[in-house]
Structures are given as structure tokens and as C-alpha cells.
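Annotated features in TrEMBL:
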type	residues	note
SITE	Arg16	site 'Important for substrate specificity'
ACT_SITE	Asp73	active site, proton acceptor
SITE	Thr74	site 'Important for substrate specificity'
SITE	Gln156	site 'Important for substrate specificity'
Amino acid sequence: MYKQTTPLILASKSPRRQELMQAMGLHFNVLLKEVDESYPDQLSPAEIACYIAEKKALAFTAERENSLVITADTIVAYNGEIMGKPADATHALEMLAKLSGTAHQVYTGVSLAYRDQLKTFYDRTEVWFRVLSEEEIEHYISNYHPFDKAGSYGIQDWLGFIAVEKIIGSYTNVMGLPTEKLYMALSDF
């Protein structure tokens, strides 16, 4: 069983990641830094999520001396296309129209950094959407503003409740933090 002995820093402004860590019973501070989230073109979806999570963790050099820094990055992959956060409502509509009636994959890369240790892992979840009407997509975008979410949706939001037919893998991974894998990884520190 993991017993927290080191101060934790969650380097994420995501309210969902914060909620998940609180639900895990972890005590942490939130600290943010601007990080360039670009990545090399040849990477796979899993490699992209891990690459960006590591870039975020490596930005916290001083903080890692006294705290365990946790970073994460979530992406949606559909038919070879990487879907990050939408630029605007039109982009969100395009993404959700593509995901409608199909399966896609959600990848979250997580990095844990403490002093000179760096551990990075990812989780992958397959998600199936039923066919969505344009009216449903527009309603979701107008009322739930999914502009901070990879793939333009939150599984814990209205769209997740009415559109997701099934998932294979971790529900919390789709929310942005695979808590079961994080719990196991924390015991290494």
C-alpha cells in the first residue's frame, strides 16, 4: 500500500486531474509552468503523450529536489490523426463529427520526477461513440465548452453520458489521469 512520505506537486491546471488525485487521498500542491508542447512528427500516439509529459516534468528542476512532481498529457487518436485540444468551436465540431459513430483511442502519458529519478508511463483506452447528431454536438460545445479537453470532450460530461457506448481500459485515463497506474508508480518513490 502506498503511503505518502514526500510532498507532491501536480503540474497541471486540469480540474479533473486535481479531482482524481484528491479522490485518491493524495495531498499535493498545484504548480504550473509554461512548456512548449510541440513534439517530433514521427512519434506514435503513446510516445507523444509520454514525450510531452516528460518535457513538462523536466521543467521543474528546482522543485524536484524536495517534491515529487507529477505531470501528464492526454491525447486522442482517431484513424492516425492526433487530436489535442480544439482551437475553437468550429475545430471542436469537426473533431466530434469525426468521432461520431466510431472508435478512438485515448492516451495519457504520466511522468513522475523526484531528484534525479524520472519515471514515465502511459495508458491507452479504447472508446466507442454512438452516432451523434449535429444538434447534439452543437449543444455540447455551446453548453459545456470543451476547449480544454483533448478530442473536444470529457467522458465525465454530458457527452460522455449520452454518447459513449463502451470503453475498453481505464475510465480515469480518459479523464486525463490513469489513477490505477499512477498509484502503482507512486510506490517506486
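Just so it is clear, glycine is given a Cβ too, placed from its N, Cα and C backbone atoms.
Overlay of TrEMBL feature records on the structure.
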residue: Arg16; record: site 'Important for substrate specificity'; Cβ contacts under 8 Å, 6 or more apart: Gly154, Gln156, Met175, Gly176, Leu177
residue: Asp73; record: active site, proton acceptor; Cβ contacts under 8 Å, 6 or more apart: Glu37, Ile48, Ala49, Cys50, Ile52, Ala53, Lys56, Thr108, Gly109
residue: Thr74; record: site 'Important for substrate specificity'; Cβ contacts under 8 Å, 6 or more apart: Ala49, Val106, Tyr107, Thr108, Gly109, Ala150, Asn173, Gly176
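Other Cβ atoms within 10 Å of the Cβ of Gln156 (site 'Important for substrate specificity') number 16 in total over all chains.
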